Each structure stands twice: as structure tokens, then as C-alpha cells.
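To start, the structure under review is shown below, and the notes come after it.
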Amino acid sequence: MSKSKELFRPRLSDGSVSMYVCGVTVYDYSHIGHARVYVAFDVLYRFMSAACGYKVTYVRNFTDIDDKIIARAQQSGVETSELTERFIHEFNKDMAALNVLPPALEPRATAFVPQMIATISDIIANGHAYVVEGGDVFFDVASLPGYGRLSGRQQEDNRAGERVAVDGRKRSPADFALWKAAKPGEPAWPSPWGPGRPGWHIECSSMIRELMGPVIDIHGGGRDLVFPHHENELAQSQAACGCGAHAHGHEHGHGQQEGGASTSGGDGSQPQPQLHNGTDFVRYWLHNGFVNVDSEKMSKSLGNFFTIRDVLARYHPLALRWFLVSSQYRAPLNYSDKGLEEASGRLYYVAQARLDVVEALRGAGEEGLRAVAEAEALLVPSAAAAAAAAPQEPAAAAPGGKGKGKSGAAAAPVAAVGPALLSEVLSALADDLNTPAAVGALSGPLRTINDLLTTKAGRKRPDRLAVLAQLHCAMGRVMELLGMELELEPGTAAAPSGTEARAGAAGGLAASAAALEQLLQEMRALALVRLEMTEEEVQAAIRERTEARAAKDFARSDAIRVELAAKGVLLLDTPEGTTWRPGSAGGL
């Protein structure tokens with residue numbers, strides 16, 4: 001709650017990290033705002049696990065009982081369980097398409113109602129909740145002096161917020177429901193206060209308590225959850241344990257990551273896994289910024305949302321993922337077709353460059369395979385060293401800036417070009433998950449690749465294959481960390497030596513080529529959908545242009561190129577013939 005960048009220190013000394021992210025309420029298709037949340041925390045999950053070496057227990061729940069679910073089920077004429085099962089399935093499809101790794105646990109709220117009842121009972125026993133006529137139970141906000149610390153709200157500012165109904169039985173309008181008495185036709189569970197169902201906020205508190213214990217390292221979600229949801233979660237957890245109200249935690253981010261082993265407290269002692277006077281139910285709160293449309297937050301309630309499935313009907317999932325990581329997770333992100341087109345074009349360019357590198361290495365035969373094996377061997381120890389060398393104090397740079405990319409990787413000596421790129425990316429991710437800087441770090445290597453593959457001087461460089469191999473391997477690692485690798489295998493993970501290493505490199509290059517070709521093909525197909533053209537129409541135009549060039553009708557040839565570029569089809573003339581790639585309408 002310091003609202004400043006801080007050094008991340010796990011609570012335990014065994015390298016384990018606990019992370020809980022609030023999941024979706026499953027009554028409809030998920031939208032781009034949801035995608036941003038889960039892609040952001042997926043990158044954090046990958047980084048902390050693969051680069052920092054933490055053993056991360058990642059839990060993300062499903063809210064499968066809620067007012068909105070009940071209303072939608074009644075409107076649709078189906079049982080709530082049927083509705084939620086359908087949209088859990090749809091959510092999982094969306095996440096798989098976006099290459100979001102599944103969490104260790106995905107608890108459903110309805111499976112933990114007994115635990116929620118136990119938590120509510122503890123809150124009542126500790127004097128922080130009350131039962132009203134009819135069987136509802138409300139949290140007594142005034143009983144907890146520290147309420148509002150997370151969101152920065154004062155007690156006098158607290159009024160009925162989102163999902164908090166006005167009810168004359170409340171002691172204060174800010175009091176929120178822990179238990180809702182049963183209504184005809186609604187799902188209900190038995191409780192000491194009569195049949196009913198849990199309130200929204202108690203769900204996460206109880207599932208964390210049951211599955212992860214009284215203290216967790218990281219709790220994440222969208223910025224819209226700061227109040228009332230996370231504020232109420234914090235209050236409930238403090239009230240249930242009788243720990244008081246002096247929680248401070250660390251709001252906004254994990255700050256600088258320490259790579260590798262977990263760290264101790266500032267005084268050298270190890271943090272203990274229990275509440276200290278209510279101070280560390282959550283050690284670090286992380287909240288991602290909104291996705292905005294026309295300067296307004298994208299949300300179902302405003303009706304200005306775009307579902308993930310609708311966007312993926314027109315753009316490749318990895319292009320959407322690229323778009324989502326193009327802004328630092330805490331910064332607002334403006335959704336637009338232009339932004340998605342730019343992200344798609346950038347991803348296509350990177351994939352094509354990587355494929356060109358792979359083909360160059362494969363074309364070099366044994367020499368290329370040897371270069372890849374040596375590059376992998378060089379990269380394996382460098383990853384751990386780079387993570388361990390992450391900055392130990394918070395940086396002063398403002399968050400949310402676009403990454404411009406350094407040229408260090410391109411200018412570094414051949415012995416370090418791959419590790420230099422990986423180190424730059426790891427340092428960016430260690431700095432409060434600065435994904436724009438991580439993506440921007442690819443710019444220098446891409447220029448180097450273009451020079452080595454297309455210029456006479458580059459093709460004559462004696463270290464050409466070594467540089468290409470290192471950039472191939474390092475870029476593969478970067479794309480894995482960002483979740484955009486499409487199951488690429490840049491080489492052998494363990495980096496064996498000799499014949500075994502070269503055989504592994506050959507298999508890895510073949511797999512990379514196949515995956516990259518598939519990605520490019522899928523992106524071209526989706527571009528044609530957006531352009532409302534067919535492959536046959538593009539090929540017919542290419543043939544007409546080829547015939548015009550053969551007839552030396554260069555005016556017609558140029559006109560065809562310009563016409564296609566205006567539609568978003570960019571022609572590429574190669575020694576093997578003319579191909580095309582997607583571009584923005586107008587040829588930009």
C-alpha cells in the first residue's frame with residue numbers, strides 16, 4: 001500500500017512464492033479487459049518461475065455464484081450450474097488461445113461454501129459482523145478502524161459501492177453482505193443463519209485462507225477491484241483472524257525482482273508465514289490498468305466491450321498478446337484496431353526475421369548446427385546470471401513508458417550478443433514487469449539480423465553464423481518469457497555437447513521453422529479476413545503484375561503494387577518469386 005516501487009522479498013526462505021489473482025465471474029464471454037489481466041499475470045508467472053527460479057503456487061478462481069449469474073440464468077431459462085459450466089469452458093478456450101498458462105489451482109466458489117461459512121462465523125465471533133432479520137449477515141465497516149487503507153478512502157467517504165445494495169437493515173451504507181438469505185428460485189446452502197449464499201467478497205478471502213494459508217506473497221487483479229473488492233477482502237481476512245486493522249502491504253507492484261533464491265527481511269531475519277497484527281495478509285498488491293475505449297474503461301456494464309473470441313476471429317491470438325504487453329501492466333491501454341494492426345505487423349516482422357535466421361542456420365549445414373549448440377551452451381548459464389544480477393533497488397523511471405529498445409545487443413561482442421539481449425529483457429521484466437522495454441529490446445537484434453542476411457558486408461562477416469545462432473536462441477527465450485513462443489524449440493534445453501548437441505539443434509531448428517511458418521500462414525489468413533480478400537485474389541494480382549513486368553509494362557506493374565498496398569497487401573520480390581505479407585491499409 002506504499003504505492004511505490006519496492007524490492008520483492010518472498011515471505012519464505014525456500015524459494016516458494018504464493019500468488020492469487022481474482023478470476024472471472026462466469027456469466028458471459030470474456031472481453032479484452034479480462035485478457036489484459038490474465039496475460040499480465042501470466043508474464044509475471046513465467047518470469048518468476050523460469051527466470052527467477054521461484055516455485056510459484058498460482059491460484060486463480062472462478063466466481064460461479066453471483067447476482068449477475070443468477071439474473072442471466074433466469075433470463076436464459078437455464079440452471080446456474082449449466083450457465084457457469086458453459087462460460088468456464090469458453091474462458092479456458094480463450095486463455096489457451098492466448099497462450100496463458102493454467103494456474104496450479106482454479107477453485108470454484110461453489111466448492112468452498114462451507115469454508116466461507118466458517119470464515120463468516122469467525123468474523124461474527126470477533127465482533128466485526130452482524131446478523132439482521134431475514135438471515136442476512138453484514139460486515140460492520142465501522143468496527144475496523146483501518147478500513148480504507150488499501151484504496152485510500154476515508155471512513156466518511158465510504159458509501160455503498162459496486163455490488164453493495166442499499167438496505168435499511170444496515171448499520172451503515174458502506175456495510176457489505178457476507179451472507180445473503182435465500183430467495184425463491186435461487187441457489188442456496190444451509191448455514192447457521194438460515195439457507196442462503198455467500199456474498200461476492202467473502203469468496204476470495206475464504207479460498208485463499210483454505211488453499212494458501214493466512215499470508216500470501218502476491219494478490220493481483222484489475223484496478224477496478226481495489227475498491228470495494230480487495231478493500232473488503234483485506235478487511236474480512238483481518239477480521240476473521242482477529243488481527244486488528246493495521247495492514248500496510250505493498251500496493252501497485254512487485255518492484256525490483258531479486259532473481260534466483262528468495263530473500264530475507266531487511267534485518268536479516270526470515271519473514272514468517274503468519275499474520276503479524278494483521279500487517280501482511282497480502283505482502284504485495286498488484287493491479288493492472290484499465291483497457292479504455294474512447295477514454296472510457298472497457299466493461300460489460302458500459303456496453304463498450306469487445307469479447308476475446310470476436311477479436312480472435314480477426315486477429316491472431318499472439319498479435320493480441322503482443323498488443324496487451326505493449327504497455328506496462330499498470331498503465332492504461334487504449335484499445336483500437338490501429339493498435340492491433342500495429343501489433344500484428346510487428347509480430348509478423350519478428351516471426352519472419354526469426355524464420356529467415358532459422359533457414360540461414362539450416363542452410364549452413366553442420367556449421368550452422370554447431371553454432372546453435374554453442375549458442376545454447378552460452379545462453380544457459382547466462383540466464384541465471386542475468387536474473388541474479390537484477391537491480392537491487394527500485395528504479396526512479398516513471399512506469400508505463402513505451403520501450404524503445406537499446407542497441408546494446410546488436411553492438412555487443414559476438415561472445416555476448418545472445419546473453420546481452422536476454423540480460424536486457426530480464427532487467428526490464430525485473431523492473432515492475434516493464435514489458436514495453438522487454439519488447440523494445442528486440443529492435444537492435446532485428447537490425448543486426450537484417451544486416452547479416454541482406455547486406456554484402458553482413459553476409460561476409462566471419463562471425464555471421466555465431467551471431468545469428470545466438471540471436472536465434474536468445475530471441476526464443478525472450479518470446480517464451482513473454483508467452484509468444486508458439487511452442488518453439490530454439491535448441492536443446494540442457495545444452496549437451498558434441499554430436500548430441502548438434503542433433504538436438506537440428507531438431508530444434510526444424511521445429512522452429514515449422515512453427516514459424518504456421519504462425520505466418522495463420523496471420524496471413526486472418527489478414528485476408530480483415531481485408532475481405534481471398535488468397536486466390538491476391539495470387540491473381542501477383543500473376544498479373546508478373547506478366548506486366550515481363551512485358552515491360554512497368555506502369556501497370558507499379559499500379560498493381562500500389563493498389564494492393566492500399567488494401568493492406570505488401571508485395572515482396574525475392575529471387576524465388578513474389579510473395580506478400582500483411583500491412584496496414586494504405587500500405588503503412
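Just so you know, glycine gets a Cβ as well, placed from its N, Cα and C.
Bear in mind that TrEMBL entries carry predicted annotations, made automatically and left uncurated.
From a predicted model like this one, the values you see are computed outputs, not experimental measurements.
TrEMBL assigns the feature coiled coil to one of the listed ranges (84-119, 120-155, 516-551), namely 516-551. Of the candidate ranges 12-242, 427-486, 536-581, 12-242 contributes the most Cβ pairs within a distance under 8 Å of the domain 'tRNA synthetases class I catalytic' (275-343). If you take every residue in the domain 'tRNA synthetases class I catalytic' (12-242) and average the pLDDT, you get 94.
Taken through DSSP, the domain 'Cysteinyl-tRNA ligase anticodon binding' (536-581) splits into 29 helix, 11 strand, 6 coil.
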